[in-house]
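Here's the structure we're looking at; comments come further down.
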Amino acid sequence: MARKMLSDGELNKAAAAGEEATTETHYDFDLFVIGAGSGGVRAARFSANNGAKVGICELPFHPISSEEIGGVGGTCVIRGCVPKKILVYGATYGGELEDARNYGWEINGNVDFNWKKLLQKKTDEILRLNNIYKRLLANAAVKLYEGEGRIVGPNEVEVRQIDGTKISYTAKHILIATGSRAQKPNIPGHELAITSDEALSLEEFPKRAIVLGGGYIAVEFASIWRGMGATVDLFFRKELPLRGFDDEMRALVARNLEGRGINLHPQTSLAELIKTDDGIKVISSHGEEFVADVVLFATGRIPNTKRLNLEAVGVELDQAGAVKVDEYSRTNIPSIWAVGDATNRINLTPVALMEATCFANTVFGGKPAKADYTNVACAVFCIPPLAVVGLSEEEAVEKATGDILVFTSGFNPMKNTISGRQEKSLMKLIVDEKTDKVIGASMCGPDAAEIMQGIAIALKCGATKAQFDSTVGIHPSSAEEFVTMRTVTRRIAYKAKPQTSL
């Protein structure tokens, strides 16, 4: 949540005052960063490259995070984006093997899936990346401390080391980059459930899985486990999963999940979990009973700020525990800053990297920079994936100052016509009729994330629908549909409600 922003002039004055103070006060570091995830490492390296003396602390490495373990690389590298994507790749091969038969591949005998082998490969990769991040810090002359950091003053950080000893360091600037952690709802028997942390490191593959949640983590793990052969039941509170995404895309994702064999339970929660000899008995909010080998709670994440001593120092937090910052990522304490999930702005790794880069440029690069949150693309790596950039149809109508034009293309991908898989792709463009600018794009289908990255550049540059139309497509490809949608699917009059075709 943003607090009152400093103007560029105020920021420069504050920076000048800080420089003045530096001549009178000696600090151990120009910058001390708490948290060596994507945002923290980026801020540390770029600040050091600008001449700053930088220290950073991070909890000891472990695939499953807790209050006392973590690891350089943070959630994305160790227990988030990277290991999850590896499992998505692994799960996708199941369907690919089925589809291969109609492409002439004779697959004789049983095709077995070895969960433990994939798990080991995943662990090897995150260890490799963990070491790369450490080398990046070392190469930038950033001093890395292993231990838990907490702020004990406007310019002082205390690090509790592995052996329990505490060492304090002073710094002209302190950056909070501690990320977020998974949370569990307080349902009876909740201790029997796991979060996404544990889901990435299960010793045994679950043959029966129940997932509670309707967000991207929930649908991704449902897709992963189903793709690997598990029976999966997905429970969520709304009528459709993926609240906040385009409704038409949400409906297609739901159909695809069901088409892949996932049992959907909309407008349903879990009431109780009970340990039995046969597994975990799950009672739904409608009184139905299920049995599972694993129950995943994918019900949101909270800022990882509880143990930082922020309130004692006077740093303002919102009700969820997120650090309040201005447009430059500065807190109400001039020497303390925060980036990434700890601020609960847009909780994506590339956004944390952007915020960290802006921080380094502002504080040590002499170039005050504000993070730009417009047209941030994102993807949900369900199978097949969903990717979006800009406004959904619903958001466009809400913010409209004139009529909105919606262009859609739904089709069976060329690959599916031979394999026989009945799974449509859908592409969508939202256009402001008054300016002809494309203000939103969505795609659900194979390679959606790879395609959407290019579309995001176009939206960032302010591309018009006419410019899309004048672009020559790559044929045959799914991507060419984005430049061949000539006919308006529907026009939404100013102040009207969106109407989807589903």
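Each position is counted from 1, following the chain as shown.
Each residue, glycine too, has its Cβ placed from N, Cα and C.
The shown structure was predicted, so the numbers you read here are calculated from the model rather than taken from an experiment.
Feature annotation from Swiss-Prot assigns active site, proton acceptor to H475. Here Swiss-Prot flags S38, G39, E58, T75, C76, K84, G149, D341, T349, H475 as FAD binding site. The glutathione binding site annotation in Swiss-Prot covers S38, Y133, and the record cites similarity to another entry as its basis. If you look up Swiss-Prot, you'll see G214, I217, E220, R237, R243, G300, A379 marked as NADP(+) binding site. Annotated disulfide bond per Swiss-Prot: C76-C81, in sequence order.
Overlay of Swiss-Prot feature records on the structure.
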residue : record                       : CB count, 10 Å
E58     : FAD binding site             : 29
C76     : FAD binding site             : 23
C81     : disulfide bond               : 17
Y133    : glutathione binding site     : 23
G214    : NADP(+) binding site         : 25
I217    : NADP(+) binding site         : 24
R243    : NADP(+) binding site         : 13
G300    : NADP(+) binding site         : 15
A379    : NADP(+) binding site         : 20
H475    : active site, proton acceptor : 8
Tertiary neighbours of E220 (NADP(+) binding site) (same chain, Cβ under 8 Å, six or more apart): K84, V88, V380, F381, C382
Spatial neighbour of I217 (NADP(+) binding site) that is closest, considering only the recorded positions E58, C76, Y133, G149, H475 and their CA atoms: C76
Three-state secondary structure, G149 (FAD binding site) (per DSSP): strand
The one of S38, T349 whose CB sees the fewest other CB atoms within 10 Å, among these binding-site residues: T349
Pairwise CA distance, G149 (FAD binding site) versus R243 (NADP(+) binding site), rounded so that it is a whole Å: 35
Nonlocal neighbours by CB distance (under 8 Å) for R237 (NADP(+) binding site), same chain, sequence gap 6 or more: G214, Q267, T268, S269
Nearest recorded site to H475 (active site, proton acceptor) by CA-CA distance, among recorded positions S38, E58, C76, C81, A379: A379
Inter-residue Cα distance where the pair is C81 (disulfide bond) and E58 (FAD binding site), in Å: 19
Alpha-carbon spacing, Y133 (glutathione binding site) to S38 (FAD binding site), which is rounded to whole Å: 9
Inter-residue C-alpha distance, C76 (FAD binding site) and A379 (NADP(+) binding site) (nearest angstrom): 14
Largest CA-to-CA spread of NADP(+) binders G214, I217, E220, R237, R243, G300, A379, angstrom: 21
Pairwise Cα distance maximum in Å, FAD-binding residues per record: S38, G39, E58, T75, C76, K84, G149, D341, T349, H475: 54
Structural state of E220 (NADP(+) binding site), classified by DSSP into three states: helix
For A379 (NADP(+) binding site): DSSP state (helix, strand, coil): strand
